[in-house]
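Listed features, source TrEMBL:
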type	residues	note
DOMAIN	1-408	domain 'Major facilitator superfamily (MFS) profile'
TRANSMEM	29-54	transmembrane segment
TRANSMEM	60-80	transmembrane segment
TRANSMEM	92-113	transmembrane segment
TRANSMEM	182-203	transmembrane segment
TRANSMEM	233-256	transmembrane segment
TRANSMEM	268-288	transmembrane segment
TRANSMEM	295-314	transmembrane segment
TRANSMEM	320-342	transmembrane segment
TRANSMEM	354-377	transmembrane segment
TRANSMEM	383-405	transmembrane segment
Amino acid sequence: MVLGRPMTLAQAPPQAEEVPLRRNRNFQFLWAGSALSVLAERFSAMAFTLLVIWSGGSKSAAGLVAFAALLPMLLVQLPAGVLVDRWSRRRVMLICVAGRLVGIGSVAAAVAADRVWVPHLAAVAFAQGCMTVFYQLAERATVRAVVPTSQLPAAMAQNEARGRGANFVGHPTGGVLFGLTAYAPFLTSTVFYLVSLVAMLRLRTPPQPPAKRRSWGIGAGLRWVWGRRYFRTALLLIAGSNLLFQGVILTLQVVVKEQGRSSAVAGLIMAAGSIGGLVGAVVGGWWVRRMAMRHIMVVAYLAWALVMPGLIVVSHPVAFGGLFFTTSLIGAATTVAGMVYQLRITPDAMQGRVGSVVLLLTSGASSLGALGTGFLLEEVSTTRAFAVMSVAMGLLALITAATFLGRKAAADERDAAPA
């Protein structure tokens, strides 16, 4: 039984022929090419830090490289959204994959020649981060063009599973490859980017509708999001939960260290979360087909509010793993629902700019969560930190229920898309 009314559609791009996703040639090339790119990115992300430290660099140098990789998420997101809506999204993805191939290839060559230079690594990390931002926005918008609207839940569930699976496999594999030889993860990433480029060259997409010049600016995406109260509120609540869960991850790592356990235990807890995310990605497609977005939000936040206090009372890694599995499952399913909803209500010519606002808020909240939790843990114990996060999640759950239950919320969801 479907709860609530179906999600309203914005002006849609020309619709792809409705065939099963496994036989949708363009979606399969897009998914496979993106999967290879994401795996390549995870291999090299792990190896960058290891390379700086193991080549004799300082901790501050390792921090500089990590900062260079993350900085584009804040600096480039909004301008990238504008440009993705102006340019051919297929061409943007091809340029990004080719650029990452050249960048990581240069690092592989430098390491093999024993010519490691921190400014070079920082420059490549920054360029990789910029191209990742452009690629993510173009790829998400392209899904809507190559997949019929009725299949968006299944398509986005597969994309979310791809990302969760890459997290589960990519980071440890990058570490193992680095242990074999320092240039191995970078060389492997280069090969993966090359195969990804071949797959993306096979992709064919329908023409994009021309963007109106007066709405090309960065402010257009911000105004579009801010002018839709229902969507704006959901996005701010999601940003709030991202902030809290980034804090949970950091606090869990501190707990493991305080218990005198190895870093492998922390890795296993994170792996449990990745498995939960994979399950949640599969559940997410089913969830979207059966529930209205407002009901998904209420169920997710109430479930989180019930689960998070368990972090206060448990102490065994298996229990932490079980709780992290559960919260990640709910998070992945909610992410799928949110992505489908955003793609459905956003006009095709605005996909890049609206997507950039969404990613800026959600990724920015995660950064603030890590920063704020670090200061919090300087002042209170991990148990009290978990208590603060649990109370905050309870407040978010109350706000969600008050906002999304009732007739007004149902009317807002129906009217969320532009006329």
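Positions of Cβ are set from backbone N, Cα and C atoms, glycine also.
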Given 29-54, 268-288, 295-314, 354-377, the one sharing the most C-beta pairs under 8 Å with the transmembrane segment (182-203) is 29-54
For the transmembrane segment (60-80) and the transmembrane segment (354-377), check the count of CB pairs under 8 Å (sequence separation 6 or more) and say whether it reaches 3 or more. yes
Taking a Cβ cut-off under 8 Å, which residues six or more beyond the ends of the transmembrane segment (383-405) line up next to it in the same chain? 233-234, 237, 240-241, 244, 247-248, 251, 294-295, 297-298, 301-302, 304-305, 308-309, 311-312, 373, 376-377
